[in-house]
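One structure is given below, encoded as structure tokens.
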Amino acid sequence: MTISLSALGWSETFAEQVQPDEAELAPARVAEVHRDRLSVLTPDGTLRLIPTEPAGDYAVGDWVLHDGVHAQRRLEAQGNLSRKAAGHVAYSQRIAANVDTLGIVSSCNADFNIPRLERYLALAASAGCLPLVILTKPDLAEDPQTYLQQAQALSPDLTALAINAKDTEDVARLHPWCNGGQTLALLGSSGVGKTTLRNKLTGESAATQSVRSDDAKGRHTTTSRSLVPTLTGGWLIDTPGMRELQLADTSDGIDEVFDDLVSLASTCKFRDCAHESEPGCAIQKAIKGGSLEPDRLERWRKLQREDAQNSASIARQRARDKQFTKMVKGTMKAKKHRSGR
Ligand SMILES: Nc1nc2c(ncn2[C@@H]2O[C@H](COP(=O)(O)OP(=O)(O)OP(=O)(O)O)[C@@H](O)[C@H]2O)c(=O)[nH]1
Ligand SMILES: [Zn+2]
């Protein structure tokens, strides 16, 4: 069975990137990334390719141009999700590529958390994905509508749906975001129902408990990340094990989520107003007038601080890496020189 490139999500944006000297190469979409190979989808089926860049440069959902053996070139992606990787060494880690819609999954219970939703919304805005808030387990909540209203109030551009992930008909309300070659990525804390949604959307029966391995902290999380077809002709990227999502280089996304504060701040008397006790502060005025919650200002500041700190530590690490490479090259050159070669 063959399927069209557009059914795989190919569009003009990618076609335009193909250079005349690449006419011999064929496009393929990355379904899985392994250290030494990529599993890719082509109109004729699945292929294994040898990467030509470090594995960390690829993300599930990427488009590559290949010759049947090597992924010769990775095309520039749209809807690029990335985060600051956890650990001692700071770097920006790609999570998923060419994502049309980011499904932000939260359940209607203790997991529901406004700052976390705002964090995911900032990520979606910065990546250029359409945000879709999916509130699971409404059947277990006393008043799911209050969660829905709180989520909806975060932005007029956002769609929020309360969906019982165990109910096939209810899950069908997500079909408009995963048909016609469109890609939906699901992001959310462990246990909120991502696997349950995935099984309904794809007709697969990925185990909700068994495909797990211990991570460093001894907690259980699903580990594989892949691009899988939905029953309705779209694509789903499950991003398991994303307990903690640290933002980096998303200041544009944060500004979008807090655009009301950004435009208020632009009317403060001082350009560098810290919105504390400065005279003529439009933000403090709005708080006093009751049109702005002080908490929202705090959440904005907190995300901005986090983003700035993470972006800076990633930049420092990049600079260190660069310096190290330079030093190694310098040493090798000196050695060559000494040995008279
Ligand atoms: N009642 C009810 N239970 C749900 C709903 N969604 C998920 N569950 C249950 O919640 C548990 C966790 O669901 P999973 O789908 O495994 O959660 P997950 O987000 O994939 O978790 P990780 O794999 O750890 O990331 C399972 O027992 C599901 O049956 C829902 O909408 N209603
Ligand atoms: Zn101010």
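For all residues, glycine too, the Cβ spot is worked out from N, Cα and C.
TrEMBL labels come from automatic prediction, so no person has curated them.
Among the candidates Cys178, Cys281, the one that TrEMBL lists alongside Cys268, Cys273, His275 as binding Zn(2+) is Cys281. Local packing around the binding-site residues Pro138, Gly188 was summarised as the count of other Cβ atoms within 10 Å of each Cβ; on this measure the leading residue is Gly188. Counting other Cβ atoms within 10 Å of each Cβ, the binding-site residues Thr136, Ser190, Thr196 show the lowest value at Ser190.
Neighbour counts were taken as the number of other C-beta atoms within 10 angstroms of each residue's C-beta; across the binding-site residues Lys194, His275, the minimum falls on His275. When secondary structure is read from DSSP and collapsed to three states, Ser190 (GTP binding site) falls in the coil class.
The residues near the Zn(2+) site, meaning same-chain residues not in Cys268, Cys273, His275, Cys281 whose C-beta sits within 8 angstroms of the mean position of the site's C-beta atoms, are Ala265, Lys269, Phe270, Ala274, Glu276, Glu278, Gly280, Ala282, Ile283, Gln284, in sequence order.
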